[in-house]
Amino acid sequence: MGTRIALVRHGETAWNAEGRLQGQTDIPLNETGRAQARAAGKRLTEHDGGWGTLVSSPLGRAVETAALIGAQLGLEAVDPVVGLQERHYGDGEGRAVVGMPRPQIDELLLSAEPEAEVVERGLAALVSLAREYPDTDLVVVAHGTLIRLVMSVLQDCSHPRLENGEIVLTDTCQLERTTARRDSAPVH
């Protein structure tokens with residue numbers, strides 16, 4: 001197994017609680033989100049070995065989640081990584097989609113950043129971090145859609161929606177295998 005990577009979804013915001021698409025709109029954590037971030041940090045302290053590097057998306061909800069996790073782990077986050085930002089939802093940003101019919105959601109998402117682009121920048125960010133911090137276990141605080149899409153590619157199957165504060169573990173071996181497979185795939 002390679003270097004461990006813990007992908008953590010940021011804690012809850014008011015928009016999460018209201019079922020709104022946030023995307024790259026910078027909404028802060030609410031009190032529930034802060035508690036979720038502290039709980040994620042506590043869960044990470046229970047994993048074997050130590051975590052060496054903490055990094056986040058530059059969006060405030062991820063930065064604050066990382067700071068709260070860092071307090072639990074005794075780590076300070078390094079500079080945020082733009083490639084870890086959430087998917088931009090275009091006209092859907094700020095819209096409440098809970099209970100909305102799927103065709104209406106699909107219409108909103110026509111102006112959103114394509115999922116393939118989210119995957120490419122997410123994988124590129126993780127590969128860059130793995131190269132920049134070799135032989136150190138990484139805690140990466142990011143966003144639900146980005147993590148779900150990247151994990152779907154890494155595991156070569158669909159990945160379920162993540163809850164706020166949820167942790168998903170992967171490693172650099174899985175990342176390297178996936179990027180090698182994608183690099184060698186024929187272009188159609």
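Placed from the backbone N, Cα and C atoms, the Cβ positions cover glycine too.
TrEMBL: automatically predicted annotations, no manual curation.
Here is what TrEMBL records for this protein:
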type	residues	note
ACT_SITE	HIS10	active site, tele-phosphohistidine intermediate
ACT_SITE	GLU86	active site, proton donor/acceptor
BINDING	ARG9, HIS10, GLY11, GLU12, THR13, ALA14, TRP15, ASN16, ARG61, GLU86, ARG87, HIS88, TYR89	substrate binding site
Secondary-structure category, per DSSP, in which ARG9 (substrate binding site) falls: strand
Residues near ARG87 (substrate binding site) in space but at least six apart in sequence (CB under 8 A): GLY23, GLN24, ALA112, GLU113, GLU115, VAL118, HIS143, THR145, LEU146, LEU149
Cα separation, GLU86 (active site, proton donor/acceptor) to TRP15 (substrate binding site) (Å, whole number): 14
Neighbour count (Cβ, 10 Å) for THR13 (substrate binding site): 23
Cβ neighbour count within 10 Å of ARG9 (substrate binding site): 29
Residue pair ARG9 (substrate binding site), the residue listed as 'active site, proton donor/acceptor' - Cα distance, angstrom, rounded: 10
Rounded Cα-Cα span from GLU86 (active site, proton donor/acceptor) to ARG61 (substrate binding site), Å: 11
Listed in sequence order, residues with CB under 8 A of TYR89 (substrate binding site) and six or more positions away: LEU21, GLN22, GLY23, GLN24, ARG95, LEU108, LEU109, ALA112, GLU113
Residues that sit under 8 angstroms from GLY11 (substrate binding site) by C-beta distance, when 6+ apart in the chain: LEU29, ASN30, THR32, GLY33, ARG34, ALA35, GLN36, ALA37, ALA40, ARG61, GLU64, THR65, LEU68, ASN164, GLY165
Site of maximum Cβ density within 10 Å, from recorded positions HIS10, ARG61: HIS10
Alpha-carbon spacing, THR13 (substrate binding site) to GLU86 (active site, proton donor/acceptor), which is rounded to whole Å: 14
Tertiary neighbours of GLU86 (active site, proton donor/acceptor) (same chain, Cβ under 8 Å, six or more apart): GLN22, GLY23, GLN24, SER57, LEU59, ALA142, HIS143, GLY144, THR145, LEU146
Diameter of the substrate binding set by C-alpha atoms, the set being ARG9, HIS10, GLY11, GLU12, THR13, ALA14, TRP15, ASN16, ARG61, GLU86, ARG87, HIS88, TYR89, in angstrom: 19
